[in-house]
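**Q** Supplied in structure tokens, the structure appears directly below.
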Amino acid sequence: MKVAVLGAAGGIGQALALLLKNQLPAGSELSLYDIAPVTPGVAADLSHIPTQVRVKGFAGEDPSPALKDADVVLISAGVARKPGMDRSDLFNVNAGIVRNLIEKVAQNCPKALIGIITNPVNTTVAIAAEVLKKAGVYDKKRLFGVTTLDIIRANTFVAELKGKDPQTTNVPVIGGHSGVTILPLLSQVAGVSFTDEEVAALTKRIQNAGTEVVEAKAGGGSATLSMGQAAARFGLSLIRALNGEKDVIECTYTEGDGEHARFFAQPVRLGKNGVEEYLPIGQLSDFEKQSLNGMLDVLKKDIILGEEFINK
């Protein structure tokens with residue numbers, strides 16, 4: 001099994017690569033690419049960790065050598081948020097980066113499962129889809145926006161509030177991956193109940209958690225360690241599904257039946273070809289229904305921005 005990480009010298013990329021070196025199945029190959037010349041050194045550094053995962057590092061303009069025959073590609077390349085920016089401010093730089101990388105994915109590993117981490121995910125996934133479509137290799141079941149950070153944050157915050165174990169707390173999060181488009185389904189969390197005030201406060205905190213980290217880092221970056229953890233969890237779920245494990249379920253931002261928007265984060269069952277089954281979002285509370293209806297215009301605009309970036 002070959003996993004490629006694009007943007008591997010960045011804060012998220014290095015955290016992700018460290019976790020994958022430690023957690024990928026024995027015999028896997030971890031292929032690291034970044035435009036930064038330090039990347040082969042990151043690979044050398046990781047290669048000293050005693051696990052049966054081979055690591056190779058590639059730098060420079062062309063990611064092709066890193067991508068050749070990859071089974072899974074995780075893309076974290078791009079600029080990070082600074083205080084005062086929201087994820088959509090990143091669009092101007094990151095849109096072009098994602099386009100260029102996905103063009104190379106289409107050429108070198110068109111059947112790979114692709115996880116997009118680069119923000120703004122609501123838009124960059126649409127960009128990736130349109131690039132793959134133009135190349136004649138788009139399969140909607142193989143392209144994912146990694147929204148797992150919203151899930152792990154929701155699990156953590158709910159567990160903290162209710163005195164539960166965060167590792168056994170499971171909060172589904174649907175919609176998108178920025179601001180109001182992030183919708184935690186708190187009404188579906190087993191074994192806990194919330195007041196209306198708690199729901200409003202928790203929802204807001206989960207939606208704004210990225211900003212909380214950006215501000216706490218005081219200009220020194222955005223969420224890299226928790227995002228690395230989230231991306232590793234999602235990447236390892238893809239690998240488990242590729243290896244034939246049954247009932248691997250994750251929430252992810254993907255092109256489904258289009259009921260709410262062309263791309264929408266929802267629970268899916270993963271399999272050898274990517275999405276095996278789109279799972280229902282279940283019963284929503286009145287607050288959740290209202291929040292869902294209220295965010296769809298924002299989400300759809302984000303998607304159109306990505307489509308038009310490629311098709312204009």
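Cβ coordinates come from backbone N, Cα and C, glycine included.
Sharing the features that Swiss-Prot gives for it:
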BINDING   G7, A8, A9, G10, G11, I12, G13, D34, N94, I117, T118, N119, M227  NAD(+) binding site
BINDING   R81, R87, N119, R153  substrate binding site
ACT_SITE  H177  active site, proton acceptor
**Q** Which secondary structure state does DSSP assign to R153 (substrate binding site), in the simple three-class scheme?
**A** helix
**Q** May I ask you to report the DSSP-based helix, strand or coil state of G11 (NAD(+) binding site)?
**A** helix
**Q** Can you tell me the CA-to-CA distance separating G7 (NAD(+) binding site) and R153 (substrate binding site), as a whole number of Å?
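**A** Given the Cα positions, G7 (NAD(+) binding site) is 23 Å from R153 (substrate binding site).
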**Q** Among residues G7, A8, A9, G10, G11, I12, G13, D34, N94, I117, T118, N119, M227 annotated as binding NAD(+), what is the maximum Cα-Cα distance? Answer in Å.
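**A** The widest Cα-Cα gap among those binding residues is 18 Å.
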**Q** With every protein chain in view, how many other Cβ atoms are within 10 Å of the Cβ of N119 (substrate binding site)?
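**A** There are 28 such Cβ atoms around N119 (substrate binding site).
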**Q** Fill in the CA-CA distance, N94 (NAD(+) binding site) to R81 (substrate binding site), as an integer in Å.
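**A** Distance between the two Cα atoms comes out at 11 Å.
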**Q** Give me the CA-CA distance between R81 (substrate binding site) and M227 (NAD(+) binding site), in Å, as a whole number.
**A** 13
**Q** By a simple count of other Cβ atoms within 10 Å, which of R81, R153, H177, the recorded positions in the record, is least packed?
**A** R81
**Q** Round to the nearest Å and give the CA-to-CA distance linking A9 (NAD(+) binding site) with R153 (substrate binding site).
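**A** Each residue's Cα considered, A9 (NAD(+) binding site) and R153 (substrate binding site) end up 24 Å apart.
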**Q** Just how many other Cβ atoms lie inside 10 Å of the Cβ on T118 (NAD(+) binding site)?
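**A** T118 (NAD(+) binding site) is surrounded by 28 other Cβ atoms within 10 Å.
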**Q** Quick one: of the recorded positions N119, R153, H177, which has its CA closest to the CA of G11 (NAD(+) binding site)?
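**A** Checking each of N119, R153, H177 against G11 (NAD(+) binding site), the shortest Cα distance is to N119.
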